[in-house]
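One structure is given here, and the rest of the page talks about it.
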C-alpha cells in the first residue's frame, strides 16, 4: 500500500496494491505494519460501521470531541463516494481547510481521518457501500455535526444529476462552522497533537 498525506495534516489517502487474475482480485486493506508506517501507531479498532447510500446522499460533516474523539479508516466497497475531511482544530496551520478523496470499487482507495478532524461524504452512485473502522465507539453526547454546505468552509461538493444533496434531518439542521466554533466544541491543535503523540509514545 502507498500512503499520501492530504492537504489536511493527519489525514491520508491509502492506495492498495491490487492483484488481479482470472478468479477476481485480492488486496490488503489494512496491515498493522503499513498503518504504523504513516500514522506512527497502531489502529485500535473499537467499532466497525457500514452504510449504504443512494446517489446524492450526503452524510456529514461529523466530528467527535477529544478525548477520545473518533479516528476513521474509510473505504467504499461498492459504488463511489466523494469523501471529505475538514481541519477543525483551532490553532492548526490549516484550520478551516478541506481536502477530498474519491473512494470507489475500482481503485479501492481508503482515507484515514485522525482524531480531531471532521468527516463527511457524498454518494455518487446508488447503493454506494462504505465501510469504516473506528477508534472509538459512537457516543452521542460527544458526537457533533457541522453544516456540510457552510459557505465559510466552501466544500466543493459535486452535484449528482444536478440535484441538491439529500441529508438526514440531523445533518440538515447542523449548525454553521462559526456557531460550532463559538460554542467551544472544536478541538485544539495542541490537544490533538498531544493525544496522538501519546499513542505514538512520544
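Note that Cβ sites are derived from N, Cα and C of the backbone, with glycine treated the same way.
If you check Swiss-Prot, you get these features:
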ACT_SITE  62  active site, proton acceptor
ACT_SITE  132  active site, proton donor
BINDING   23, 28, 47, 48, 49, 59, 72, 119, 143, 170  substrate binding site
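Among the recorded positions listed here, namely 23, 72, 132, 143, 143 has its C-alpha nearest to that of the residue listed as 'active site, proton acceptor'.
Residues near residue 49 (substrate binding site) in space but far in sequence (CB under 8 A, at least 6 apart, same chain), listed by position: 131, 132, 134. According to its DSSP assignment, residue 23 (substrate binding site) is coil. With a 10 A radius on its CB, residue 23 (substrate binding site) counts 6 other CB atoms from all the protein chains.
Within the same chain, residues at least six positions away from residue 143 (substrate binding site) with a Cβ under 8 Å of its Cβ are 62, 63, 64, 70. Largest CA to CA distance in the substrate binding set (23, 28, 47, 48, 49, 59, 72, 119, 143, 170): 43 Å, whole number.
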